[in-house]
Amino acid sequence: MEEAGGPMARAKARVVSATLTWRQRPPTQEEIKHGFHKVSLVSGAQMEAPQKEMFEFSRREEVEVNGFATQEEETVNCQGPRDTAGSKNFQSHGPIFSKKYIPPPKEKRPEGRLKEAVDQSDGSRQAPRTEPPCVGAMARTELLVPLPGPREPSPHPGVGLTSGSSRSLEEYRVTRTVRTTTVVGGHVDRRMSSSVTVRPVSSGEALPRGRQVSRMVPPVVVGSPPGSPSRSQAVKVLSNLVPAGHSPPASHLPRPTAGGPRSTGLGSTVGAALRQLPETGTAELKDSSALASTGIPASAHLPKNQDAPAACPDRDQGRAPDARACELWQVLGAPSSTELPLQTSQGQASVPSSPRLETHVPSPGLTHPAKQPVVPTHPGARLTPLVLPPKKKDGPVDPPAATVLPMVRSEHVTVPGQPPAPSTTRRKDVPSPGGLSAPSSPRNKFVQNSENVPVLPFTQREVVKGPGAPAASSPTRKEVVQGSSASAASSPTWKEVVKGPGAPAASSPTQKEVVQGSSAPAALFPTWKEVVKGPGAPDASFPTWKEVVKGPGAPAASSPTQKEVVQGSGAPAALSTTPKEVVKGPGAPAASSPTQKEVVKGPCAPAASSPTQKEVVQGSGAPAALSPKSTEVVQGPKGSSSIQKEAVQGIAGSLAPPLTKEETVQGPIAPATSLPKQDKGVQDSEGSPISSLTQKEVVQDPDALPAPSSSVDRVSPSPGGTPAPVPTGAEASTESQLVSDPTEGKTCTETSREEDEVALAADLEIFLDTLRSMEPPEILRTHRLPRAPRSSYLSMYATLPAIEEDQLGPWVLGPGPQEVPSLEEKEEEEEEEPENPYLSDDEKLQRRQEKAGPSPSRDLHPARPTQVSCSPLEMMKKHVAGTKGPHSELGLELQGGSRPTSRLGGSLLFGSLVPTAKEASTPEPLGTKLSALLPHGAPGLRKVPGQLPLLCSERSSPTEKLACSLPLEGWSPALKTQGKLNTRPGKVIFFSESGCQGSGREVWGDIVDASGWAPVASIRVVRGCWVLYEEPEFRGQKLVLPEGDMELRTPGTKWSPQGIGSLRRVVWDYSTPEISLFSEEGLKGEQVKLTEALKNSQGLEKPLQVASATVSAGLWLLYPKPLFEDTPYILEPGEYPTSEAWGTSDPSVGSLKPMRLGCPSVEKPGEPRAVVYEAPGFQGRSWEVSRDIYNLQQPEDSQSPHLASVGSLRVLGGCWVGYEKEGFRGHQYLLEEGEYPDWSHWGGYDELLTSLRVIRTDFGDPAVVLFEAMDFEGHGVEVSKALPDVELVQHGPSTQAIHVLSGVWVAYQEVGFSGEQYVLEKGVYRNCEDWGAGNSTLASLQPVLQVGEHDLHFVSKIQLFSRPDFLGDHFSFEDDQAALPASFRPQSCRVHGGSWILFDETNFEGDQHILSEGEFPTLTAMGCLASTVLGSLQKVSLHFSEPSIFLYGLECFEGKEIELSREVRSLQAEGFNNHVLSVRIKGGIWVLCEHSDFRGRQWLVGSCEITNWLTYSGTQRVGSLYPIKQRRVYFRLWNAALGGFLAVPDHVEDMKAGRVVVADPQAGGSCIWYYEDGLLKNQMAPTMSLQVIGPPSPGSKVVLWAESRLPRQTWSISESGHICSQMFEGQILDVKGGRGYDRDHVVLWEPDEDRASQIWTIHVL
């Protein structure tokens, strides 16, 4: 034999190529031109009588890998029989490669092995070659050598006793010289060892296993010419490549048992050369008689490690394959006809598939062009492409015998008859009676098929092969499927280990999948594993996220949740996750996904029931392929493969055009049954069920019947194939249905069938019991976290476009996408849509009936247009071309993000239910206001601190709220036509002292001469815009008075005169201000017209020169400097022909602005009072009213005057609404406090004013939501400030529903607050008729504000009237009154601000009558008898604690206990006994009433303890009770010991937390606090509250934190001045003290009388 060595050049990955080829002729040019880097195994099937021949092999190899330089010289002399020339069909095996492997530390290596090991050459025990773990280690190698042992017979019927070849005459002569150079951290270590071994080979010995060397160069497979050495001889030579000094210790070597039947691997195997692949050793079978007894000749044993390398030295793993990408071909050897005649196919040609999706479709029997690597055609030849392996992926292969594979986490495997060895942490005991379970390396999967079905999963590529060439592929995992006598090859990523019959199960701790063939014992896999088991394999238990695929005779495996069980006699299934592609055929493995429970059973496997979300498919030949998401199912006659690059090969090896999305290819003899609703089961004649869920295409080989598919109706038949109809909308069910198998037992051997059935029956009962005891996965679904998306080497092209119909999010563990009806029902049950609270009971019932009834929009099977077919790579490229910015990563990458995704996103059925991008944002809080309502949801109830529950929904995004509701800069209502101008009354108050203090004078209109007034120090303009004149008759120097307060004596004021000459109101309506500026005098030259303020005229194209001007509307201020600086010139309406007319000779203008009216306002909302006059000008009869008047012309009582009309009126207090017609209908007019001399001043359309109504509500914190559709549907926007045009917030032009969240609003039909007025109070308005409009036009709106609302001063006041209905003489009190005037007998009263107690006697004695804020027109309304005479009154003190009261049935707080924290109208109605003898109040101030409904005698009780209620009140019962509700009170907390206020020194509005210290009032910061629902809040940060950070120990810091933090930390302020924590009992607020930097910080401390800093004084504003 001749030896050819490859070049020793170092690749980029520091790998030197080495070539070992087997041939008997000089290499051809085709072979030499490639840089071979492989170890080609050449084997032939023995078909005739053998002949003897001498063989000699010598080899010299020098390899340097990652710093290890190894030189080996070997000579092998073999003498033995050789098969007759011409009777061999040689098969070139794929290259055997491996990547650098770093062995685990010694203490973590697998234990529990047998004690003895026999060396392959000399029988001496060898230690594994390892390097100590250090930083400088360049590479590590460990040889894990399986022990020799007997082979088990194949259970397949095609394998029989075929003796005829013997190696008894062979002799091994091996001379090894190994030179090793190791570079570790700069240290060079050179070692050399030499050994010579001469020994005969017995017939029963197993062939040695080849040694693997780490390489990373493109391999090219060249077919061996005829006449090459026999396969067994090649195997012997390669097996001797293992150095003599590197066999592992005996403790690491497994000893196979002879109990369970194990089949040898039939056919050839291919392996993927990856990094971190262990160098496996060899094992020899010492006893050939064991094999002979099982029916397998000794010559039938194949090498245990035959790997085809798949390597590409491309560093950029993210790039897609290009022209330079290596093409990796893998040739699968077919078994000899004597071994398995059922799987031989004649005339198959190998057709390459390039990484660019170049698809060749040759006819049957077609061979390649000469330029491509050629593999000779012979029976059973199979061709499978290899794809680029990503970095850091492992792919060790598994031999038929047990192989010890290195692990990261050890798992203890127990063998029958051998005590388990002590195991370290994270180990699991796996009993394996049928064979020794060997741990596999992490993230590796081996698949061994029982029918010689190698399954090759590769990355993002698919080759579908004809008869006899099954291969399952998954785009993101490496799967290696081994047949009963064939090894498996693994693909670059996500390796899976699937083992065939006779192969022990491999236990993998994480991220592994194991598929076992017949007679293979099961392994235990903790998490994320998939197990495929063959016949005769005992069941395995899988905790979570597992998939079980079982062959014939394999008992069912139980898995608690998210399981898939696929059973079949022919071949186990290779399982892959999403996106999944499944290839199946008679005898081909099926792929299933881990998201649903699926049960696929073979002929010898009873049906296993799974609780929920299962799909059951039965078949005799192959298990079903079940893949809920992105599944591709390709079924060939004897197997097929699927990857996302698809090439479908026909019967004789022809290729079909590449398919896209999901495809289903069925081979001959593969009929498919239609899927029932919600359960899919497809069964072929060989028992090969197939299920394809969504967006699939069907490609069928000849004689294939239609296969079910859904969504995409496309058929791409291969040569001779018949198109299969693709039904749409096939649903999967939550209940499994078992499809019976008519051909059960066809592929099971007669000898093992009875034993398998017995074992299966027992295991099935255990499995069913386990399933019955499990909880349904719906319970666990909410506890699962989203699964992280897996990376792909195609990430540069983003991911595939999102599936348009019903794509589940990445965290959804529920049913598949076809389960539309079941999902609808579950969503309606679990996520029931909130009912619209605005609807009446009848409307709600009608809505429920509409939802329950059929609807055309609920059609689940609409017609779908066919989609253009293109490859996934092309779709991704198109997808990238049209994608920008952060949206380039779609699919799982996008779904795995922070934003929850919806499976309805691209749905044709439910796409309209998903809000658009701008509506999908999360609503932002608006302080105490409710957030805006989001679309497609009925408004719900939301609690607002200190307010009643308000109706709201989630409809608006932050961009649609107040942030964008403010008027845009440069907006002018003059651009649109205004309607009727609405006017406002005027009011100015002049004070004699600064700060608006002292005596005051109210002015309602123009004052021609005010020279006789007393000196004025400050002015408060309540309404309107006024001008002060220095002289009477509106002459002299002028001063503009806008709305607000102004000091006249301050240095900054430009008012020099000592007195006021005259006063005039210049702006009284909402007309648009307008001024025209001319460049020449006399109103000539270039004209510039303005309606808005101009901040800086220098920003114009040329300087603004103003020589004359005309003011058409409003009052304008012209400033000589930009930004409204310096003293302005005031221009009232009129013409100014020269600049001297407004007091200057300089024509330049720096800036100018108009004066506008503000929002409507009310000063005394709780004191409504108006005087109505019959004639204009306040003439004629008058009528003073303080209540609603239904009809002014027809009074309700006889005492009121009858007014024929209303000519004028004065509003003295409160906010009123006047109506044109009686009964509060017709045109509406807002009436503020002021004077209205005639109907034009209140903005009337005519003189009619028939009814009046008082607005009694809270004017603070206004907020309103506008909807474009009725019943609060459609687009909604929230507004909280005046809006001159609703289009500024992208709303309108139609408004058909309004929800006033708080405050009082005035809406206008036209822009600029003009046209018809509509007064809106807190509540909901379903349509425009509800607010009095005839159409839905609403163009502008503004709130009604309360004067002095933001002064934060708390005033509690009571008004007593001598007559009912607030008539007659009246007295107002703000303090306690021990005695009322003897001549004054109150008959009605009003309470403002707080609560008051009225006593029947003086000095606060007698019966109590507690009155909260409101109006009480009679004594009966006040809770008094008609004859009651009130003697004194007292104000209820403030409290700062949450209400809590305890009622006891016996004295001294004994007996039954009733705890309450809310009002109770009747204790008996609540089920309590109203007999009470003692009371304890822990918080709040309570009113206890003698009878129900707050009737009878009343007692006001604060925080106290009453040991005997009978003695205190004179009664033994409490009928009803309620806590006093207190309005918001602002206060300061004074610490007398430190001389400072509790303050927040920082601006915490935009901070997560704020410091809280004791500071001087002049130090800055905010020291104003308020108490709300138990929380202490600062006025500067209303969304934060006082909270303790850290453990509640003395000295823990107290800061301001978001009030949404849970649990809520509430506080109470006791009468003693302690601020107590309600959450941490016994802890109060204190100051740290000391001399540190944080000595002034507020902390938590235990009460201590010696610490005066714990006492706080409340200063109410």
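Keep in mind that glycine also has a Cβ here, set from the backbone N, Cα and C atoms.
Annotated features, as they stand in Swiss-Prot:
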type: COMPBIAS; residues: 105-118; note: compositional bias 'Basic and acidic residues'
type: COMPBIAS; residues: 337-353; note: compositional bias 'Polar residues'
type: COMPBIAS; residues: 431-442; note: compositional bias 'Low complexity'
type: COMPBIAS; residues: 507-519; note: compositional bias 'Polar residues'
type: COMPBIAS; residues: 628-644; note: compositional bias 'Polar residues'
type: COMPBIAS; residues: 685-697; note: compositional bias 'Polar residues'
type: COMPBIAS; residues: 706-719; note: compositional bias 'Low complexity'
type: COMPBIAS; residues: 731-750; note: compositional bias 'Polar residues'
type: COMPBIAS; residues: 825-835; note: compositional bias 'Acidic residues'
type: COMPBIAS; residues: 841-851; note: compositional bias 'Basic and acidic residues'
type: DOMAIN; residues: 986-1023; note: domain 'Beta/gamma crystallin 'Greek key' 1'
type: DOMAIN; residues: 1024-1067; note: domain 'Beta/gamma crystallin 'Greek key' 2'
type: DOMAIN; residues: 1073-1113; note: domain 'Beta/gamma crystallin 'Greek key' 3'
type: DOMAIN; residues: 1114-1156; note: domain 'Beta/gamma crystallin 'Greek key' 4'
type: DOMAIN; residues: 1168-1213; note: domain 'Beta/gamma crystallin 'Greek key' 5'
type: DOMAIN; residues: 1214-1256; note: domain 'Beta/gamma crystallin 'Greek key' 6'
type: DOMAIN; residues: 1262-1302; note: domain 'Beta/gamma crystallin 'Greek key' 7'
type: DOMAIN; residues: 1303-1345; note: domain 'Beta/gamma crystallin 'Greek key' 8'
type: DOMAIN; residues: 1394-1437; note: domain 'Beta/gamma crystallin 'Greek key' 10'
type: DOMAIN; residues: 1443-1483; note: domain 'Beta/gamma crystallin 'Greek key' 11'
type: DOMAIN; residues: 1484-1525; note: domain 'Beta/gamma crystallin 'Greek key' 12'
type: DOMAIN; residues: 1569-1659; note: domain 'Ricin B-type lectin'
type: REGION; residues: 72-135; note: region 'Disordered'
type: REGION; residues: 148-168; note: region 'Disordered'
type: REGION; residues: 242-268; note: region 'Disordered'
type: REGION; residues: 297-321; note: region 'Disordered'
type: REGION; residues: 337-380; note: region 'Disordered'
type: REGION; residues: 411-757; note: region 'Disordered'
type: REGION; residues: 808-871; note: region 'Disordered'
type: REGION; residues: 883-903; note: region 'Disordered'
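Contacts between the domain 'Beta/gamma crystallin 'Greek key' 10' (1394-1437) and the domain 'Beta/gamma crystallin 'Greek key' 2' (1024-1067): absent, as fewer than 3 C-beta pairs lie under 8 angstroms at sequence separation of six or more. Broken down by DSSP into helix, strand and coil, the domain 'Beta/gamma crystallin 'Greek key' 12' (1484-1525) contains 8 helix, 15 strand, 19 coil.
According to DSSP, the domain 'Beta/gamma crystallin 'Greek key' 2' (1024-1067) comprises 0 helix, 24 strand, 20 coil.
Contact check: the domain 'Beta/gamma crystallin 'Greek key' 6' (1214-1256) against the domain 'Beta/gamma crystallin 'Greek key' 1' (986-1023) gives at least three Cβ pairs closer than 8 Å, residues 6 or more apart, which meets the contact criterion.
Tertiary proximity for the domain 'Beta/gamma crystallin 'Greek key' 2' (1024-1067) is limited to same-chain residues at least six positions away from its ends with a CB under 8 Å from its CB atoms, namely 984-988, 990, 994-996, 1003, 1005-1011, 1013, 1015-1018, 1114-1115, 1117, 1127-1128, 1130, 1132-1133, 1155-1158. Mean predicted confidence for the domain 'Beta/gamma crystallin 'Greek key' 1' (986-1023): the pLDDT average there is 88. Sorting the domain 'Beta/gamma crystallin 'Greek key' 1' (986-1023) by DSSP state (H, G, I as helix; E, B as strand; all else coil) yields 0 helix, 21 strand, 17 coil. Across the range of the domain 'Beta/gamma crystallin 'Greek key' 10' (1394-1437), the DSSP-based residue counts are 0 helix, 20 strand, 24 coil. Per-class residue totals from DSSP over the domain 'Beta/gamma crystallin 'Greek key' 6' (1214-1256), listed helix then strand then coil: 0 helix, 20 strand, 23 coil. Across the domain 'Beta/gamma crystallin 'Greek key' 3' (1073-1113), DSSP assigns 3 helix, 22 strand, 16 coil.
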